[in-house]
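Over in TrEMBL, the protein carries these features:
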type	residues	note
COMPBIAS	71-80	compositional bias 'Basic residues'
COMPBIAS	81-94	compositional bias 'Low complexity'
COMPBIAS	103-113	compositional bias 'Low complexity'
COMPBIAS	158-174	compositional bias 'Acidic residues'
COMPBIAS	175-184	compositional bias 'Low complexity'
REGION	71-114	region 'Disordered'
REGION	156-184	region 'Disordered'
Amino acid sequence: MTPPLAAAVGGTPSSEEVAAGGAPDAAAAAAAAAATPAAAAAAAAANKNKSPLHALWKTNEAKAKRVVKLLRRKRQKQQKRQQQQQQQQQQEQQQEGEDEEQQQQQQQQQQQRELTREELLAAVPLKSKQKELLLPVGKNKKLKKKIELLLGVAAAEAETESEEEEEEEEEEEQQQQQQQQQQQEDIDVVYVAADEAAGSDGAVSKLTDAFAAVFKAFSLNQQQQQEFFFFCFAAAL
């Protein structure tokens, strides 16, 4: 840098002037050299407090976000798969429980059918007028079919009475009907002729007079009551 006086005079600068003019540049360079280590030390101190993962995150932020997103999706899929497996297990357990209940109900129904069948078959030798309500009797095919379907028995097992027993019952019914007819025929019907000689003094005329007197007294009493009610009503008004 040329001093102003030397430039104005047109002479060359001396060594002292050159030294005086170069002092500011040297000071700036020295200050810059001193500031560079300080900034580096400050940056090193700042970076020292941060972990390597932070630096890695800063350098690979986009990739890291993508990895995190993929990990979240994978975790959600795993949770969803676990929930589906749990639901499937619960459904299987419920289905197994329902199957067991159905099997138990079927077993109970089968046992009840067997008991009913044994009771009905044990009641076959009994002689009762209401036997046809318990078991199929004789030619009652509809009732026989119902019993066969309900109990699951063969036609031979569903038979309750033999033909001989049916014939005996029919004979007993015929005998009872004959006895009733004979009893009706044995009844004597006696017709009593009216006593024409009694005339107006007979029992019929006496009964008629008695009824007439009763009706007359009843009508008179009713008329008196009506008159009394009308009198009371008029007095109240």
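Cβ from N, Cα, C; glycine included.
From a predicted model like this one, the values you see are computed outputs, not experimental measurements.
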Exercise. Do you know the DSSP helix, strand and coil residue counts for the compositional bias 'Low complexity' (103-113)?
Worked result: 11 helix, 0 strand, 0 coil
Exercise. Can you count helix, strand and coil residues in the compositional bias 'Low complexity' (175-184) using DSSP?
Worked result: 10 helix, 0 strand, 0 coil
For this session: Provide the three-state DSSP residue tally for the compositional bias 'Low complexity' (81-94): helix first, then strand, then coil.
Result: 14 helix, 0 strand, 0 coil
